[in-house]
Amino acid sequence: MFIYDQIYNDLVSEFNKYAKAKNLDIELDMILFSNQNTTFELNNYDSTIDSLISRRSKKYDIYCFDPLYTKKYTSFMINLNDILPEEHMELYNHGDAKKTCYSNNQWAGLKMMIIIPLFQKYSILYSNKELLQRYNKNVPKTWKELLDTGKYILEEERKVNPETPLVAYNGLFTDLNAFTTLYELIYSFRNTTNIEFPGFGSKEAIDAVKMIKQIKEEISSDSMFIANELINTMLLVNGNGLFVRFWDSGSMFNEKYYLTPMPGKKEGINAVMTGGMNIGINKYSSDEKREAALTVLQFLTSERIQKEIVVKKYGLYTGMTKLYDDEEVCSFLTCSLVKEAQSIHTIIENVDSIDVYTEKVVKIFKQFLFEDRLAEDVLKEIDDITRIYYISLKSSIGLTYFVIHLSITCLMLFTFILVFTNIFKKWFTFFSKDLFFIYCLGYMMIASSQYLLFGEPSDIKCQYEYAMLFIGISLSIIPIIYVLVKFFPERNEYSTYLVNNKILYILICIGIEVILNLLIAKSPISAENRMFQDTVNNKNYNKCIVRSTFGNIMILIDIILKFLGILVILLLSFIDWNMKKISKNLRAIIVSIYSFSFSFLMFIIISYFDVKDYQIIFKVNSIIIIFICLTNFVNINFIVIAILRKTNEVESSRSVITTEKTVDDSTYSRSIFTKIVKYHHTANYSFEMGSTISNYDTNSTTS
């Protein structure tokens with residue numbers, strides 16, 4: 001990775017000569033992090049750049065870094081689309097450069113050029129010409145051919161010389177290269193050429209690692225597979241390797257070896273890992289420094305420098321694909337390799353430190369390659385490091401809860417239908433049809449919010465889930481408050497105005513909720529990864545989180561408004577408790593409100609708990625919503641009807657005395673509390689004859 005120190009010195013020197021000749025007020029200095037001039041180690045590479053970028057440092061204006069870190073660092077580099085001349089961009093708009101130069105802008109749907117390859121490296125299969133010709137064998141195009149050919153030639157060579165130093169295959173699972181070797185190996189086992197990396201948890205990955213272990217055990221050895229880069233280089237120099245996986249070395253070994261892409265699972269598929277160095281401009285640099293950095297970048301990636309310095313002087317591959325049609329260039333490089341290669345560069349997501357991640361993957365994989373762990377177990381453990389788990393409809397848990405939520409939704413629809421039936425008119429007199437419609441719509445939204453928990457999480461899903469849940473809660477509260485105010489025992493200008501302006505009241509309440517949700521959406525609510533170091537006992541998952549202080553304040557206000565609404569309902573319910581016209585309906589509504597309040601409070605509390613199991617979070621949230629919706633349904637559709645049926649039966653067989661109980665003002669003080677109690681006792685009542693009246697009179701006397 002750090003064996004090309006001199007090329008950077010030459011590039012800096014060339015640019016400074018160019019700047020002096022052109023009278024440019026620019027001087028290029030280079031700070032090289034290398035194992036030659038520091039105690040720099042691979043696992044410090046990522047953290048070194050991280051420390052600079054996280055502080056938005058302006059210390060360096062241009063960064064060069066391995067393609068392994070491309071996805072991580074492109075967000076800190078300038079978008080070159082608007083500042084780089086189109087003709088220069090076109091030079092790198094093809095081949096392997098296009099895979100690493102551009103970053104997808106998922107919101108704008110644009111491809112943005114962020115970085116440019118300073119030079120490129122390719123993993124290559126070196127196949128020994130002399131040995132293949134001696135035994136009339138071809139360069140293998142599949143891993144099975146490599147195994148069979150290697151086994152045959154090794155056996156034949158051992159017949160001649162039992163102590164032959166021949167190595168049939170080297171593996172290259174060194175500390176520095178093991179991860180890219182494994183990544184490329186799995187990529188070579190894809191079923192078609194248009195498939196990207198299959199993933200560590202795929203069947204292709206299982207087949208790939210089983211094959212490489214078979215190759216190690218039959219035609220190579222543990223010691224050869226972990227031999228360092230120097231030993232592998234000497235293997236090529238001495239001609240003792242039959243098949244050697246290594247990085248390109250210009251034309252150094254062209255006489256001894258065929259240079260081809262790595263073989264695939266089947267013919268027509270190959271694999272080549274791209275490496276090298278990418279160059280980008282620091283987005284935190286000043287405008288003046290950006291202009292100078294752009295001049296440097298254009299110079300270093302110009303056709304002349306790429307051909308004369310990168311290719312001819314150092315024998316390195318270039319990201320400028322047009323040069324592979326140049327005969328002079330092809331005298332220095334194996335151009336056919338680039339044209340035939342089905343290349344891939346490593347893409348790593350959902351990790352904080354790429355170096356820590358790759359080390360962990362290699363450590364786990366070696367438990368299979370050199371020990372006795374099963375391929376399936378090892379690959380699952382590796383896959384779990386970055387895999388984000390979620391509830392899928394294909395899982396038993398997902399399907400079960402989806403059916404339950406669907407059933408709840410159907411029950412809510414049934415409640416909707418009640419509005420247009422005689423049952424509603426006969427038994428349920430608490431709401432008017434329009435208010436009942438809004439009330440049911442609220443619970444429909446609460447129930448429907450849970451559908452967004454299924455499938456892969458996203459920022460949009462988080463936003464919609466919150467909006468549906470909290471708007472649904474508001475819609476379920478709004479009608480109840482209106483009805484309770486309507487039956488307020490004492491008319492006043494506020495209650496009269498609200499009752500006479502029902503539509504305005506509803507629109508204002510909904511408007512407040514919509515405004516709050518729009519403000520929260522500006523924050524916004526995002527699906528953030530909950531990652532664990534121990535992914536054997538814990539599974540990574542996404543959690544909807546608001547990071548901004550403003551967003552959290554808006555959510556807090558929204559929650560407070562909901563509980564204020566509930567408190568208003570409880571207060572008005574106490575005041576209207578004995579209103580004859582709504583008393584039976586009110587009791588059922590209050591049961592629903594109490595259960596809802598408790599459940600909503602639990603929902604809020606649990607959302608702030610640090611729960612590590614994503615399935616538990618899903619189950620608890622779903623159970624709370626199911627309980628809220630079912631309680632509401634049972635109260636409205638069964639308890640109310642049962643109470644009113646019983647009441648009607650009793651009243652039809654008995655005489656009823658309707659009285660209005662009033663309490664003398666002298667009995668009460670003028671405090672708000674006693675006034676509320678007065679309202680509670682001065683509503684219209686229907687009393688059964690006999691003991692009911694006696695009991696009431698007794699109670700009223702004691703009061």
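Every residue gets a Cβ built from N, Cα and C, even glycine.
Feature annotation from TrEMBL assigns transmembrane segment to 399-424 (among others).
Look at TrEMBL and you will find 436-454 (among others) tagged as transmembrane segment.
Marked as transmembrane segment by TrEMBL: 466-485 (among others). Through the fold, the transmembrane segment (466-485) approaches residues 430-431, 435-436, 438-439, 441-449, 452, 495, 498-499, 502, 505-506, 509-510, 513-514, 516-517, 520-521, 525, 544, 555, 558, 562, 565-566, 568-569, 572-573, 575-576, 582, 586, 589, 593, 596, 600, 632 of its own chain, all at least 6 residues removed from its boundaries and within a Cβ separation under 8 Å.
Marked as transmembrane segment by TrEMBL: 497-521 (among others).
Annotated transmembrane segment per TrEMBL: 553-574 (among others), in sequence order.
Among the features that TrEMBL reports, transmembrane segment is placed at 586-609 (among others).
Annotation comment: TrEMBL describes 621-644 (among others) as transmembrane segment.
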With the cut-off at Cβ under 8 Å and a gap of six or more residues from its ends, the chain residues touching the transmembrane segment (436-454) are 390-393, 398, 401-402, 405, 408-409, 412-413, 415-416, 418-419, 424, 428, 461, 464-465, 468-469, 471-480, 506, 618, 621-622, 625, 628-629, 632-633
Under an 8 Å Cβ to Cβ limit, what residues of the same chain, 6 or more beyond the ends of the transmembrane segment (553-574), are close to it? 466, 470, 473-474, 477, 480-481, 484-485, 488, 512-513, 516-517, 519-520, 523, 546, 586, 589-590, 593, 596-597, 600, 604, 676, 680
